[in-house]
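Reviewing the structure listed below.
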Amino acid sequence: MDQNNNTVSEFIMLGFTTDPVIQKVLFAVFLVVYTLTLMGNSSLIMLICNDSRLHTPMYFFIGNLSFLDLGLSSVYTPKILETCISEDKSISFAGCVAQFFFSAALDYTECYLLAAMAYDRYVAISKPLLYSQAMSLKLCVCFVVASYVGGFINSVIITKDTFALTFCNDNVIDDFFCDIPPLVKLACGKKKSFQSVLFFLLTSNVIIPIVFILATYLFIIATILRIRSTQGRLKAFSTCSSHLISVTLYYGSILYIYARPRSSYSLDRDKIVSTFYTVVFPMLNPLIYSLRNKDVKEALNKLLK
């Protein structure tokens, strides 16, 4: 990514609004959300590390998901807070590249990790007696490492191609972070090859994991339906309900933004949806995975005593 190939040295973030009063309100809201995100995910990681009852494959993946959410929130939110209270709305070209790269890498990694978690839930429900052997620590680590490797490799590709575009002196980003739709909107010249790369990455990082997760849940549902007792069915379903909620919220928002036809893009509407998967969902995930979780509640009570 050679900056000399572009005619801009910095970008201007429009953010959400130019109204100073609303900006202050948004600053307070995002600060509270970011604080809760840091506290919630850090606490969940600490509980998983310190309580031996949570040293299982499921919580190993949940802990890694919390770590990713900490990273994602920290990539986005500090710059959002700065944009809300500072008159200087600029971000350097290098800063935009860095934010874009790490946000894409962590997002892609989370896509793969959620797919790995779906497989973990399938094994837990379909082979409960062999769960510990089937989901060994070595296999879990391999899944996590593969998720990171895949996420960062794909991020290198999309970052390189995005910032190889020519921006033609237009450097105003109508968004609160460096994202694909507003950057492509700024670019001029040939975009056809870029759209091909974007389609490939959308397929490999989002569509394929979604298809895998859907197939996995079909097998999970088939397994649950074979359970004779109602209590057994409810218990089996409860083990994957949190993951299903997380997958639906996360992938739903990503598909809404990136899988729609370009003619239907609305940056104002997309800002709201983007806020959820970049800022709100990292705060909600610890709640989703712990509110109805007996083991996490017991570990928390033990820690607080």
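Count begins at 1; order follows the chain as displayed.
Glycine residues also receive a Cβ, built from the backbone N, Cα and C atoms like all the rest.
The disulfide bond feature in Swiss-Prot is assigned to CYS96-CYS178; the stated evidence is sequence analysis. Its Cβ taken as reference, CYS178 (disulfide bond) is surrounded by 26 other Cβ atoms within 10 Å in the chains shown. DSSP gives CYS178 (disulfide bond) a coil state; it is part of no helix or strand.
The feature topological domain 'Extracellular' is assigned by Swiss-Prot to 1-24 (among others), with sequence analysis given as support.
Per-residue confidence over the topological domain 'Cytoplasmic' (46-55) averages out at a pLDDT of 88. The topological domain 'Cytoplasmic' feature in Swiss-Prot is assigned to 46-55 (among others).
Marked as topological domain 'Extracellular' by Swiss-Prot on the basis of sequence analysis: 77-96 (among others).
When DSSP labels each residue, the topological domain 'Cytoplasmic' (118-138) comes out as 18 helix, 0 strand, 3 coil, counted as helix, strand and coil in that order. What Swiss-Prot records for 118-138 (among others) is topological domain 'Cytoplasmic', and it gives sequence analysis as the kind of evidence.
Annotation source Swiss-Prot lists topological domain 'Extracellular' at 160-204 (among others), citing sequence analysis.
Sequence annotations record features per position, and here Swiss-Prot assigns topological domain 'Cytoplasmic' to 226-236 (among others).
Look at Swiss-Prot and you will find 258-270 (among others) tagged as topological domain 'Extracellular'.
Per Swiss-Prot, the feature topological domain 'Cytoplasmic' maps to 292-305 (among others).
Below 8 angstroms of C-beta separation, residues 16-17, 62-63, 66-67, 69-70, 73, 77-78, 80-81, 84-85, 279-280, 282-283, 285-287, 289-290, 296, 300 of the same chain, each at least six residues beyond the ends of the transmembrane segment (25-45), sit close to that stretch. According to Swiss-Prot, the feature transmembrane segment maps to 25-45 (among others), an assignment based on sequence analysis.
Residues 34, 37-38, 40-42, 44-45, 48-49, 99, 102-103, 106-107, 109-110, 113-114, 116-117, 120-121, 124, 131-132, 135, 137, 140, 143-144, 176-177, 239, 246, 278-279, 281-283, 285-286, 289, 295 of the same chain, all 6+ positions outside the transmembrane segment (56-76), place their C-beta atoms under 8 angstroms from a C-beta of that stretch. Per Swiss-Prot, transmembrane segment is recorded for 56-76 (among others), and the stated evidence type is sequence analysis.
Positions annotated as transmembrane segment by Swiss-Prot: 97-117 (among others). Listed as Cβ neighbours of the transmembrane segment (97-117) (distance under 8 Å, sequence separation of 6 or more from its ends, same chain) are residues 1, 58, 61-62, 64-65, 68-69, 71-72, 75-76, 79, 91, 143-144, 146-148, 150-152, 154-156, 158-159, 162-163, 177-179, 183, 201, 205-206, 209, 212-213, 216, 243, 246-247, 250-251, 254, 278.
Residues or ranges marked as transmembrane segment by Swiss-Prot on the basis of sequence analysis: 139-159 (among others).
Residues annotated as transmembrane segment in Swiss-Prot, with sequence analysis given as evidence: 205-225 (among others).
Below 8 angstroms of C-beta separation, residues 58, 65, 107, 110-111, 114, 117-118, 121, 124-125, 181, 206, 209-210, 213, 217, 220, 224, 270, 273-274, 276-277, 281, 284-285, 288-289, 292-293 of the same chain, each at least six residues beyond the ends of the transmembrane segment (237-257), sit close to that stretch. Swiss-Prot lists 237-257 (among others) with the feature transmembrane segment, giving sequence analysis as the kind of evidence.
Beyond its flanks by at least six residues, the transmembrane segment (271-291) meets 16, 30, 33-34, 36-37, 40-41, 43-44, 62, 65-66, 69-70, 72-73, 76-77, 80, 103, 175-177, 179, 242, 245-246, 249-250, 253-254, 256-257, 297, 300 of its own chain at Cβ-Cβ distances under 8 Å. The annotation transmembrane segment is assigned in Swiss-Prot to 271-291 (among others) on the grounds of sequence analysis.
Its Cβ placed at the centre, CYS96 (disulfide bond) has 23 other Cβ atoms within 10 Å. Taking Cβ pairs closer than 8 Å, the topological domain 'Cytoplasmic' (226-236) reaches residues 125 in its own chain, all 6 or more past its ends. Beyond the topological domain 'Cytoplasmic' (292-305), the same-chain residues lying 6 or more positions past its ends with a Cβ under 8 Å from any Cβ of the stretch are 43-44, 46-47, 50-51, 53-54, 59, 238, 241-242.
A Cβ distance under 8 Å defines the sequence-distant neighbours of the topological domain 'Cytoplasmic' (46-55), meaning residues of its chain 6+ beyond its ends; these are 62-63, 66, 295-296, 298-300, 302-303. Long-range neighbours of the topological domain 'Extracellular' (160-204) within the same chain, counting only residues 6 or more positions beyond its ends whose Cβ lies under 8 Å from a Cβ of the stretch, are 1, 5-8, 10-16, 76, 79-80, 83, 91, 93, 96-97, 99-100, 103, 108, 154, 257-259, 265, 267, 270-271, 274-275, 278.
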